[in-house]
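Okay, so here's the structure we're looking at.
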């Protein structure tokens, strides 16, 4: 699987640079690309989300987001070609192109801005996740050597800074996102650590012979705290269901039908996998379910398997950071600048190909990595950050724009049954989205203040 395909199946990726890609994809290749693009670090928080929601609301929310994702994907599939969804002569090769054709330049600009905010936020989440995984490897080895009660505490700041330094170097490599091996490694790592987490949870439940947890989930000290935690969990689940679009499908048959079939299969497989990961994790640990199933140390042994899972996460996110960031970098590189800033310099490295640098690329990309790293150091809170990112991205990109494009493209009249149905769908999702966003921000601020009090 080439990295071009991986990028096309990643959430909200602009496909405007992909017109020369040969379209040979089928339903099953599209399914593979979508599942690979969707299943990522969001799966690590699903057990914690399930613990906040309980055995009834948790699975129901996952089915809800699966249905919402499928609905919005169907709406977007009909916008792939214009004006006819199956035989229209204009192929919208990117999300922003579809928005621009259907809703105008202003909406496309807003959609593009939200897309870049999502890329930037995902970079912050990847810095946090990588650091916690590196610390978890150290803790795992420490617990194995000195016992489970040993004071094995390792900070996250140094791993974050090391990750930032590595990304500063990697971000200077031109066209890194077009290296095929990056996509292959990311896919293998994602499947490996997700499967290990699922297997460890299932083994724990089978070994104990007890299914832990409750109908209402973890109890909080007050009803207000419970309310915030529930909607923070909703934001985490939203982060795990990113929007995807494929542009490598062959035609005929019409791409719309192929994408819809692929979406049904991939959403069904992903939801089943998510239910298993979240369910087994909650069943294994109940009220003690950690925020990150692989770093919260519900599992101690086999330590080497835990180390392997965390190492896979690190490798995946090292490449994943670039896969998201390079899309934004490519846009900035198009901006005009002075001759001096765009002048190329060649840096020769031992045992590596010469590296071409210019001042514009060096300054912007370094500043970008420094910014994501600095914010991660200031707010190193995995679940809260994922909740904020999920809420920021969910309604505008997966609900609002697809619904508005459908209304405009089909010329659905006001107060007709279809109009009321789509407006109600958008309004309900907006309300859930805002509650999840407010709850996640509240959790982020609360965690920050709590951390400050503990250090004083």
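Each residue, glycine too, has its Cβ placed from N, Cα and C.
Per TrEMBL, the range carrying the annotation transmembrane segment out of 149-170, 303-324 is 303-324.
Residues 181-207 are the range that TrEMBL records as transmembrane segment, among 100-126, 181-207. Your range for transmembrane segment, going by TrEMBL and the list 328-347, 388-407, is 388-407. Range annotated as transmembrane segment by TrEMBL, chosen from 56-77, 78-99: 56-77.
Of the candidate ranges 181-207, 264-283, 362-382, 388-407, 264-283 has the most C-beta pairs within less than 8 angstroms of the transmembrane segment (30-50). Ranking 181-207, 227-244, 419-441 by CB pairs under 8 A with the transmembrane segment (56-77) puts 227-244 at the top.
In this chain, the transmembrane segment (181-207) touches the transmembrane segment (264-283); three or more CB pairs sit within less than 8 A of each other, excluding pairs fewer than 6 residues apart. Between the transmembrane segment (303-324) and the stretches 181-207, 227-244, 388-407, 419-441, it is 181-207 that has the most C-beta pairs under 8 angstroms. Here the transmembrane segment (388-407) has long-range neighbours at 11-12, 42, 68-69, 72, 75-76, 78-79, 95, 98-99, 102-103, 107, 111, 114-115, 117-118, 121-122, 125, 235-240, 242-243, 419, 422-423, 425-426, 429-430, 433-434, 436-437, 440-441, 444, meaning same-chain residues at least 6 beyond its ends whose C-beta is under 8 angstroms from one of its own.
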